[in-house]
Ligand SMILES: O=C(O)CCC(=O)C(=O)O
Ligand SMILES: [Mn+2]
């Protein structure tokens, strides 16, 4: 693994594993980044991204989403989800460096990333699947967590079976194959006093020529 912001070659101590999810393919890499790398990336991303609180239109009302976000990618990567249309901000040094680490790990190309900043336990992401047509039928999504560990909930669309994986500081979660077809996922609110968390989901949008 290449470490663009560091000269050291520390390796993760915990091994990656596949989550026990029928009809999905999800791999979890704890300590994918060292604590030192993850701390530095988090600090730089908090300071440098153009964070904004977007709103979704639901039931004729404009509802602010419970987190801040920032959408980045190649110039043509326009993305629409839940009625919200996002135009890409350019790649920053940190987002591009982490993208290249993800590509090297996963063997896939990513042309865009959604950054989410959960400021505290009241920030959340409701259950959803990343199944927008522009992601294609079987997207590979690389999700990097920086900051507070939060439970990531999977729910099978038909059987309703649930599985929880706590996503730790510096971890990588890779969802691929038919995962989005069969499962919802999300981050619940908590009343516990907790710190903030950044999540980066690297994606490959399939764009018309
Ligand atoms: O914050 C997370 O771990 C999940 C983010 C997510 O599901 C998304 O951006 O689509
Ligand atoms: Mn998602």
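Backbone N, Cα and C atoms are what each Cβ position is placed from, and that goes for glycine too.
The Cβ of residue 79 (substrate binding site) lies under 8 Å from the Cβ of 71, 73, 85, 86, 88, 112, 114, 132, 134, 205, each of these being in the same chain and 6 or more residues away along the sequence. What TrEMBL records for 59, 60, 61, 79, 80, 81, 131 is substrate binding site.
If you look up TrEMBL, you'll see 116, 118, 128, 185, 197, 201, 203 marked as 2-oxoglutarate binding site. Shown in sequence order, 110, 111, 112, 113, 114, 130, 135, 139, 141 are the residues of the chain, 6+ apart in sequence, with a C-beta less than 8 angstroms from the C-beta of residue 203 (2-oxoglutarate binding site).
What TrEMBL records for 109-206 is domain 'Fe2OG dioxygenase'.
Taking 61, 81, 128, 131 as the candidate binding-site residues, the subset whose CB lies under 6 angstroms from any atom of ligand 1 is empty.
Within the same chain, the residues at least 6 positions away from residue 80 (substrate binding site) whose Cβ sits under 8 Å from its Cβ are 86, 132, 134, listed in sequence order. Each residue of the domain 'Fe2OG dioxygenase' (109-206) gets a DSSP state, and the totals for helix, strand and coil are 7 helix, 49 strand, 42 coil.
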